[in-house]
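Feature list (source: TrEMBL):
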type    : residues                                                               : note
BINDING : A:D126, A:L127, A:T128, A:R153, A:Q169, A:D173, A:R322, A:Y326, A:Y327 : L-histidine binding site
DOMAIN  : A:1-55                                                                 : domain 'WHEP-TRS'
DOMAIN  : A:57-389                                                               : domain 'Aminoacyl-transfer RNA synthetases class-II family profile'
Protein chains: 2
Amino acid sequence: AAQEAAVRAQAEAVRRLKQDKADPDEIAKEVAKLLEMKAQLGGDEGKPKFVLKTPKGTRDYGPKQMAIRERVFSAIISCFKRHGAEVIDTPVFELKETLTGKYGEDSKLIYDLKDQGGELLSLRYDLTVPFARYLAMNKITNIKRYHIAKVYRRDNPAMTRGRYREFYQCDFDIAGQFDPMIPDAECLKIVHEILSDLQLGDFVIKVNDRRILDGMFAVCGVPDSKFRTICSSVDKLDKVPWEEVRSEMVGEKGLSPEAADRIGEYVQLHGGLDLIERLLQDPKLSQNKLAKEGLGDMKLLFEYLTLFGITGKISFDLSLARGLDYYTGVIFEAVLLQQENEHVEELVGVGSVAGGGRYDGLVGMFDPKGRKVPCVGVSIGIERIFSILEQRLEASEEKIRTTETQVLVASAQKKLLEERLKLISELWDAGIKAEMLYKKNPKLLNQLQYCEDTGIPLVAIVGEQELKDGVVKLRIVATREEVNIRRESLVEEIRRRTSQP
Amino acid sequence: AAQEAAVRAQAEAVRRLKQDKADPDEIAKEVAKLLEMKAQLGGDEGKPKFVLKTPKGTRDYGPKQMAIRERVFSAIISCFKRHGAEVIDTPVFELKETLTGKYGEDSKLIYDLKDQGGELLSLRYDLTVPFARYLAMNKITNIKRYHIAKVYRRDNPAMTRGRYREFYQCDFDIAGQFDPMIPDAECLKIVHEILSDLQLGDFVIKVNDRRILDGMFAVCGVPDSKFRTICSSVDKLDKVPWEEVRSEMVGEKGLSPEAADRIGEYVQLHGGLDLIERLLQDPKLSQNKLAKEGLGDMKLLFEYLTLFGITGKISFDLSLARGLDYYTGVIFEAVLLQQENEHVEELVGVGSVAGGGRYDGLVGMFDPKGRKVPCVGVSIGIERIFSILEQRLEASEEKIRTTETQVLVASAQKKLLEERLKLISELWDAGIKAEMLYKKNPKLLNQLQYCEDTGIPLVAIVGEQELKDGVVKLRIVATREEVNIRRESLVEEIRRRTSQP
């Protein structure tokens, strides 16, 4: 009864907050408390009612989703290994201060852990900052590594479009002092290889350089102090039209309309080597040291990409800005252009599936002496790719196997549990993937049905007669053919019949 | 200056707490705050001083550790797949209430997330409770799945012994209503296969049953209300001697000395089928319904394990209790007996490397109608196994490769960067794992040294003459042999020379 009174009081508090049009976050918090109190109070059956769900913005992966996920991972890992990368892993949380001051305006999306005594911790926001911390901590100045792990952002989830609060990143980075644009070109080659390999349809990789952006801002008359915030505005151009971005620049951020209009002219430019050449001749840009450096390197990058034969999918795009604070040079982002599969009627707005760039200053932020380690890297955004492949699979009605079982050990008569256990143990010990039903006396029909349902291709059937004859009856599920195999040849026969050609 | 004053004030606060002999947790918290304040104040160079570390009880995995980890995972996953398991994944955090009331006294070790508005979340403590939540939420009554992921416990870390706050669990569970002891026996077979496969030295798998324990407590005169807490005391027997456990039972937990002594007699018993038979005849135990049920099932289990040929490593052990609240039937734990490798001088106390049991009530706790799904499962404790293998590897001086690169694309003269880029691109596109140095004009010696250092077996050398002749010089690093290969045959030749026999 006391609990019920507490629930009523909380309900009243919520009502009042809503009436007062309080901060929505505040209201949400109190509503959550109310729901929890109600849940604890219990339901009709006197049993506590649980909110049976995963946290907001997260999801479980069932066996089918895992099968897709492992296919995608396998393609990505193959590519990373093909390029000679080592692999590392870091903890899911970092000291809070490790993440502080690395993400600019996005810092508010970091998940903090509760202060339970001891260190203040936060869940990692990406894999780049932990990588930089790892390099500085271990004084590594030279490494090519990949890292595949989950990262966490308290963002507004849009799950059907593959935007989650817990999501995988697949990162490949090259750290070290090298000749310009060689590692940068390899990162773009990797994005090209992975997106081609996964057959996600047509794509374009947009490329720009923070130095070109900064140079452009300078010649357009943006004051130095506004570079970052104007860069954030430009970053929105892939989602909102120029007019809106312009009014943000002029209205909210106090840029002069003339400067904004000059920016507007530049950011509509995109192209290839020809555009780079043209901008190198641009009377204003060519006078700016940063822009000139950036354009020179961009030209070199395009030469290397030409040798790789991938410039067809690369677009030098002056509207590309990338949100994160830590980039210092080349930046890029891969975008899927359309859904290739005609079975999927509704197009999914998937946007960017990979991104990255050069961040030469980040490791130095962790080094006590500020020693820099130049880095460039790429991050593949797996969740959006999953969304596409999942929907494609559903539409195609392709049956996907979720186990690799080669043979079901079955019996035709009763009282053969011991014989099944003996046989399956022999098969496991020989490395055969085998299952049996966990019943003392399963019906043969049920055993065969299990194979149909799960895609097991073979059934090894033991019966009184077979035991006497020293054979096992091997049934091929697809053709219903049955052959007697001598027990000592069974393993070999199963291997032969299930080996991938 | 204001900051410095704040630091001084905090230092004074810490001094006073210590002087007052305050709660150590409280002191630790204030010390952490002090350190953070000092760090933010900055060091000698005027740069902020970071505490460059991973959070307490966690660690990074470098490429070498990852190579070991992937070997172990591969052995474990092979085994799980051999037994026909599907795979699932769940979020790293759950609603706090999902974990509430599942872990008994250990609940205090759960990591909570900060309340940042919205739901209250906790990091998962194991993979079993999320699995049960997954089954109830999706109304799954029948599944065999594995799940490999990190779990989190705010325990006292002992990192050299492989005890971390963030650690991997590799879980295999069978859920469903089946005939007794068949899935249970398979779980033990799996532990046996994995520990044999990993060649960790001799081991024993201790087995007991919660019903036998409860029956034993009853006939020893433990009041029902004390079963759980006395069970927790028994659980400590693998770490502390009986005398200490006894005094905890009598002193702290208020058990009568007679009851404790009767328990003391039982818990020193261990053996095989013979012991089970003897206890089935025990005048007291045989009168207890629960104990009789448990012993009957234990007998059946041993019959199945005999068919699997693994009873040699199984010990029915009445002192095995397992800490977690949710077990309802068979429980087991695998212990390494000694370090096999003579190169390691100092023995590592590794203790339990796998454990599990039956938990028939857990899923029902999540179901609104309390519908039960019987489950049995095993969890392999990877970190301790890593510790052993890492130390063994260090002692053996075996060189472990951390990449799979087949060939380095090199040049003998200057000005051949473009040719190297063209060749490596061809190799990547043909699926060859290839690297090159990111220098415009690397010295041949440096390129060969890189192969020595990283174990790359082949070098594809381009030079002016080779380009003219349409060949590539292929150097075998181990033998220093060099052969000219026609460019169109190069991929085939590299594959041939690096294929695993």
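Cβ coordinates come from backbone N, Cα and C, glycine included.
No curator has checked TrEMBL annotations; they are predicted automatically.
Reduced to three states, the DSSP call for A:T128 (L-histidine binding site) is helix.
Just so you know, the Cβ of A:R322 (L-histidine binding site) picks up 22 other Cβ atoms within 10 Å once every protein chain is counted. DSSP assigns A:Q169 (L-histidine binding site) to a strand in the three-state reduction. Residues listed for L-histidine, A:D126, A:L127, A:T128, A:R153, A:Q169, A:D173, A:R322, A:Y326, A:Y327, cover a largest CA to CA span of 21 Å.
Note on the domain 'WHEP-TRS' (A:1-55): mean pLDDT across this stretch is 75.
Taking the binding-site residues A:T128, A:Q169 in turn and counting surrounding C-beta atoms within 10 angstroms, the largest count is reached at A:T128. The 10 Å shell around the Cβ of A:D126 (L-histidine binding site) contains 19 further Cβ atoms across the protein chains shown. Around the Cβ of A:Y327 (L-histidine binding site), 24 further Cβ atoms fall within 10 Å across all displayed protein chains.
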